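To keep things clear, I will list the structure first and then write my remarks on it.
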Amino acid sequence: MRTLTVDLDDRSYPIFIGSGIRQQKALFDDAIHGKQVMIVTNETIAPLYLESMVSMLSVDYKVDTCILPDGEVYKTLETYGMIMSALLEAKHNRTTTVIALGGGVVGDMAGFAAATYQRGVPFIQVPTTLLSQVDSSVGGKTGVNHPLGKNMIGAFYQPQAVIIDTETLQSLPQRELSAGMAEVIKYGLICDVPFFDWLEQEMPELMALDNDKISEAIYRSCLAKANVVAQDEREGGIRAILNLGHTFGHAIETEMGYGNWLHGEAVAAGSMLAIDLSWRMGNLTEQDICRTVALFQAANLPVLPPAEMTVECFVERMALDKKVLDGSLRLVLLGALGDAIVTSDFPMEDFNSCLLDALEASKQASLA
């Protein structure tokens, strides 16, 4: 088992990474407050892992469960209300601990419920998808979607611990594994060129879920995110670099309908748009572009946006991005490979031509 810490002074917490560790009760005992536990999961994960976790924790705690429908389309205030109702109906008090057992949607909603139930109760993240293990479970972002925009309703609220069991990846559909790999690749692009180089060499074994290699990828991803979050918990500055590809990507997810494009797929296509724009601004070489395209494709990820979208769709959706400041759109771009920047200083001509060219290439590809 490997351990690292998200250093946030009195709100610091550990991240545990290992195979089979969801069954190590001591990890939970150290993070549970009081004697009540609410496990929030979904209909896909419940048959796989819920019974064993309830059995393990019921020895010392009153354990209740809340099983949600599965999918990004259910990341709504209505589903969040199901968690609140479950807590109230089972008479959970302020000393209860919420456990999020599932992927990013479960973690975001359970975390938001914990942040707001009786003005805040502790929670533990037990992420079961690669995307949630390397990204959404770490850093304290919680919330739900709105029809007009992704993650528009939420809170910053840190967990007591993140328990990453790599064994759960064995049940992950290939498409979900690829989606998670988009966030892994992102860390190499924004801040860690040696990691990017390593991913180029190891991607076939990572996609085959070699345990040592996937554990290393998760550890290095979490370490990169923990270092950024420790510097800027609430995204007032450097933390925004973690959103490479997300401004374009969220526009894709919202426009195409939540769940039709997985988050990681949208991030991959969005990252390529950001990288193309960075290249047009003279920050990257053609070799950088080719290497990045090849790496995303090795992970079975899209490198072009949906052919159905238009420049106008992107502009309208991106205007609601949380990084917009005083009416100006700010993008996460690359100053160089491994060096992300957040800027509103980009030529609109390059921005428009980047989108137009990518959309045209996507249309041509769809006709081929």
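Positions of Cβ are set from backbone N, Cα and C atoms, glycine also.
Binding of Zn(2+) is annotated in Swiss-Prot for Glu183, His263; the matching candidate from His146, His246 at the same site is His246. Annotation: His263 are the binding-site residues among Glu183, His246, His263 whose CA atoms are within 10 angstroms of the CA of Glu72 (NAD(+) binding site). Here the candidates are the binding-site residues Glu183, His246, His263. The one whose C-alpha lies nearest to that of Asp108 (NAD(+) binding site) is His263. Spatially close to His246 (Zn(2+) binding site) yet at least six residues away along the chain are Val267, Gly270, Val332, judged by Cβ distances under 8 angstroms. Those residues of the chain, other than Glu183, His246, His263, with a C-beta within 8 angstroms of the mean position of the Zn(2+) site C-beta atoms are Leu131, Asp135, Ala182, Lys186, Gly245, Gly249, Gly264, Ala266, Val267. With the fewest other C-beta atoms within 10 Å around its C-beta, Thr129 stands out among the binding-site residues Val106, Thr129.
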